[in-house]
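The domain 'Cadherin' annotation in TrEMBL covers 176-279, 280-395, 396-510, 511-619, 620-748, 756-858, 863-986, 1016-1110, 1118-1247, 1252-1371. Positions annotated as transmembrane segment by TrEMBL: 1609-1631. Look at TrEMBL and you will find 1778-1800 tagged as region 'Disordered'. For 1791-1800, the entry in TrEMBL reads compositional bias 'Polar residues'.
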């Protein structure tokens, strides 16, 4: 606590009496001593002994010690006696009248403010620093010594607290998400002198310094300190919605005394729509029975705005492929059917369920065309269609007839297309198939849904039932029956009639099995040898005709009569032909007249031949083909020739006849010389078997040579030397092809050595061509190059031979850089190798030809922007000032020959055209070029030049060349200055003409106010001495007498650019007023120096040295400052008077001589006038302008008021009067008059003045019973001074008044009713409250209000409960399932873990808290196999953390824990089971899509298969099928397609195991499942190729089962279309019958109540919709709604009046909807018995009542008062579905579905 605060601080008041000042206190400290020994027990405050050091002495008294002593430290800070003509003493303004200030020695004085008592000087009158503008007062003439003036320097003391023009409690409502910035500005002033400028602001405490910042800025125009509160970042309502910020606004005076005002700012964040809706009721899945009519209510969803304070309207809509089957009520969220739902018809379309995207969208107000950005939420609902048993298994036809051949050997499948269809589910769609005969089998014997039926006729071996001979001309009848398993009465039959056709099933039989005969080989042709005979047992006449035939091998020797069976010889037989010595033939007997398809019998004919004669030799082949490899060794065998001779005594010789042989080479015939004859010979003859001889062709004494002859044709002769009769020899031809052997080197014919190539040619450019060959036949030559950096070969393999050359190109390598500047030639070595490894090498040289490919380059060492060349202005023509150089990197001329150009001379600019320089194009020398005087170098014209150069090269002699140019470069020319300019162009500032000074100038004073600055300019270089100037006043001549008075001298300033005029003497008392001419010279420092002069006019004027002042008399002189009292509500244009009506007397005095210096202007200075105004009235400041000072009648001035003054807006006004003379400069002074406005009572209290609802929003934490909130104070405009007569009282008059209470009726603080909330509020139960608070001047009770009324004395509070973290996160399931395969990799996501938390904006943390326990596996990974990573604020990813290769079986169990920000204190767990999936559980699926397409639709495919198989599906891998290529099929279906293989598995959640492929294959036999998969995949543009078996690359399905499956689906579709017609007829009949039944039921219903009965409104003030029994709000029948905790009584009108609003209920569409809404409203329960008046109104907890029936206690209904009945309202026990449950409500068995009255 600082000194000065002790007596005023309320905390110390109880202790003040205990202390007293020490008499021993010095001038620098003040000591408080405890003056009482015992602290009274009645005082509970704690008082502390404080030693106060009030201040540090800032001034000094040392200069005054010779006559001044004992200064009073409480009043004085210091004194200054060092000045010759004056002395000053510093006194604090709070020094009181009569205070002793100091002691003087030997000094006497007469003073206005001081009086002496001996040597002690005391203060006569206290000072007020705020009333003394200058802070100085002159007093005590000739004190303390003659010739010295005495001054008081008044020091400010902190007397006033900082004051705000706003309010010390301000509430602001910034919007969340607004950018950071200023949200409120507050204006503060301090009535202490100059302390407004030093106000400071400190937040206490600084809890929100990261969110808010306070800045300040002093506004001089309004003399206020402006504090600006800003947000440092956007606010978030959901994070924190309410802030209370307290700031200390502090002022401090010269003794460091502080005074503080606490500024409270309540920041209530305004909620905006930045969160999408959240679902309060939703059905992720729903089971809907089929056969529901259009408009059937399926379920109702609801959503709410997630924003806390904003509750925008929600509109509902549906989307998705299945949305056309349903309709959504945009307002209520009710989903109804838009089409008739027929499950069986949908299955034909592949639809098993509907997937709907249900969208909840926020809208602002009623304009549904303006949805809020990001204000929508979408949920997916799957509606499963539930089957009812409404189908009978039926055949595709009633009767089938067919003709069938009799069975001859095996069973026969009847060619009938029969289908059985019953599309009901399970047992309802399962049936058995039976037949009435054991000879006809039906397949399958049972089935379900749509099945193909196969009928098989059974052969039965010897007991064949289907034998034409047993049932000649008879038709066979059979009956097939299909019987439903669930209901055997559901059956149908099929009649099958089979007509048997005869079949040729008996074969002819010969009388003998073998017919024998013997003949000589000389027997003649035509001789009959024998006769055969056969018989046939078939009864059909056409099959009795038998024809005979022989097998084909005997046709050349024998023939048979087809009808008689006679066998004859048609050609002679040869005994030497061993094959003909015994002739064995089969003979056939064919029935059916020998037609195709007839039966045959057979027998054998055997004929023996006897030998007679000899035969000549014969070659087996006349031409033999042989091959031999050249260089084959002598004696090597080529091949064997064979000769036959049937004579037993033959002697055979075989040789080569060279005379008949020939040779060729490359197709040309060549002579056979002796070398060739030695190439081949015949080997020895061998008799390998009787009648067969062999000899080999062998290599002779020399090896064959292919290069000489490649083909030899040998003539081979065979001679039987023992032949006696006939021909003894025969010849044959042997063609021997001589095969090549790779025995020659390849040849490089043309090596293209010393070829030429241009540098920088493109890759692929031809350099030269090589000619390559090989003498060998068709040899492959491999070419290579030792260095292919620059060149390459067009091919590395050629096929050649026979010496034919092949061309190989030498090409420039792609991306090769051939640079002539790097080399002039290069060499490469070419290597040729044939297939035998014969290799040759050849080095070739390629020359590089230069091109103009490089730009010239300017030498940056001689030419760049940093090169500066200095040239003096006026330099001689032709002088070399610099040399620039260039070079060109090309290797040869002319490409490297360069020319340098000065670019400036070619530019159009004026300066460029005047360039006084040029360059030698060859040498680069830069010279001065004045062009015979046409150009100059003048620094004052151009002080620098920028010369731009470039160079270009040459293409002389090269027509294809392009000249290249260098980049430009720059050198800078700096022109050096020469002193050739005179100072001139004099001017001065201020620009007065003439210059003006007053006659009071002192010696050494500077002329002008502000001081005159006289400038001159020198156009030489400003950086040299050439422009530095010195100024000299040559004369000051009076314009009256031409006398030089030497009044001024020039003072040259340090920068030597300008001067000031300094007086050389005192002007006072020399009568110098008048006009003068000053001659001023400026001279530079150049060599030689140059100068210039100028004449300046000067006026010396008379001085205005006296200030005007106000003089107050009469009543104004009684107070200081003058005080005037006036009553508020004065009439306009009132002249203020003294109390009692006396006239105000205000006069002005100015001691200057007559003229402008004495003439004055008087005004009221509004800027320095102040008003004590009040926040409740914003016009208080403006009332200040109503005061005016005007001339009074006669002399002087008076104060008038132009309009009525309202004291409640401003109670006190300090009017600043200002007077100013018209002298130059003018003198002025101020005086202050205070006007006090007296009150007239006229206003009641109010919270706001806008005439609308006064409202305020607070935020209170839940779970805190001690929570409180300060609401805004009411204002009574009459109560500006705190008058008790205008005290304000508060009272709660509405809202949740039972939940809150006021601390007192005078305190604007509300607290929680702890009796109702001992533990505080619960946001999850009630999120907000409302209160209505009245303000009045009376303590009497105010009437309560039920709804908001716009009035300014009622404050409506919205109290928002701030969320606390008081709920645990929970898992929806106790167990979580996941799986992995060997194909998975480390870090793969195998499951998403998600929990929920009822608290707002919670961030959930997941962790694994148990060990990993493995089961049913011997393999256990080391370390932790799984890990959790963050997905978002509320979910986590379960990832694989080990390599699962080889991990094939088993599962792992561990525990996952979730907790919120409070850690494990708020947590829950779930048991995780992770299965290893192997091939046993993986299903192979093939798709006609790319891998990328399948990967992008992975989740959709999993959903399709999961829904179809009713097991969750997970895809393990996606890859390109190895049998697939990437070709695409054309429009005609030709070509190949991309096939992608997908492996997937399924999990049985109920049994906690993966599903085996065997189970899945069983489901694949279900046509409906397959159809559903196909259609749903097609909907997402995925084409399923096959399942289990891979398709071909052309897209054909290899599996015949798949083809049959597709055929089944097509046949099923046809059957369902036919069945649909029957279903439609039955549905129409059902709907019509139901409608009639309903009408009959309604006609039997009695009317109830009166049209005006309040029963229909249940105590709610609402209106009836005309022409109906529906009311506009809740409670209207037929949805009777009474609050659960407060049943309100209705009226007591007669219930038998006959005008009930229930009349016409059968036509009310809302009643139909209510009857169907089982999940929200309950069935229309009626009366139990005739003795009960009404019974069983159904009322789910918290839901709306949808039943028009009221339950009363037992008794008659006659004249019963309904209000009494309501008081005895009872609830029967009913079953209400839990929110979100799919279970439907079932009424108690005792409840009727209609109602009636016991007494009528």
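The backbone N, Cα and C atoms fix where each Cβ goes, glycine too.
Unlike curated entries, TrEMBL annotations are predicted automatically.
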Feature contact check the domain 'Cadherin' (1252-1371) with the domain 'Cadherin' (280-395), CB under 8 Å, 3 or more pairs = yes
Counted with DSSP (H/G/I as helix, E/B as strand, rest coil), the domain 'Cadherin' (396-510) has 7 helix, 59 strand, 49 coil
DSSP assigns the residues of the domain 'Cadherin' (1252-1371) as 3 helix, 46 strand, 71 coil
Taken over the domain 'Cadherin' (756-858), the predicted model's pLDDT averages 90
For the domain 'Cadherin' (511-619), the DSSP helix/strand/coil residue counts are 12 helix, 46 strand, 51 coil
For the domain 'Cadherin' (863-986), the DSSP residue counts stand at 8 helix, 44 strand, 72 coil
